[in-house]
């Protein structure tokens, strides 16, 4: 199929507690390798050009600090982000419980009832150390009206799909917001009424998608 010549940039933000694998997911997406040891992130930005569902996309991915001492920086990147990956580790219940705080803060900063997000349960390769069931992750995402996916940065399981899904959700959200603003004339605060399907099959991981490093 013909691809659009317009290069649309998507500002994606990866949030979550410390040590959940945010940097590993981002680097695996951008550079296709797993980083086992690294210093805790303060804030790193990466760019990569992709074709997702026959549309060109430039992903501008912000990898954020999970440590509480950097929490004052959160509102700044939450204001500019177009879509958020809410990452926890399936081996850490504490990191799972922190996800709600991130979600609520994003909605407060955006002054919205809904905004494009994907809940990501990382480290699914460590099944023997699992503290959070898949069903719990799905239930949390359902309560947020967003999609859920389990990933492994180490084994590169569903890494691309997690980022592609948030781009797809941004596109859908923007289309609905355009229709919403030109429709009944109601407030935009609520956002689209038809949220992303939570239970889509992970088998769609690479459909019509490819990336090129910028």
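Glycine residues also receive a Cβ, built from the backbone N, Cα and C atoms like all the rest.
Here is what Swiss-Prot says about this protein:
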type    : residues                              : note
BINDING : 19-24, 35-41, 65-66, 122-125, 152-154 : GTP binding site
LIPID   : 211                                   : S-farnesyl cysteine
MOD_RES : 211                                   : cysteine methyl ester
REGION  : 178-197                               : region 'Disordered'
MOTIF   : 38-46                                 : motif 'Effector region'
Min neighbour Cβ count (10 Å) across binding-site residues 22, 35, 122 flags 35
Cβ contacts within 10 Å for residue 154 (GTP binding site), all chains included, total 18
Does DSSP put residue 154 (GTP binding site) in a helix, in a strand, or in coil?
coil
For residue 22 (GTP binding site), name the DSSP secondary structure in the helix/strand/coil scheme.
helix
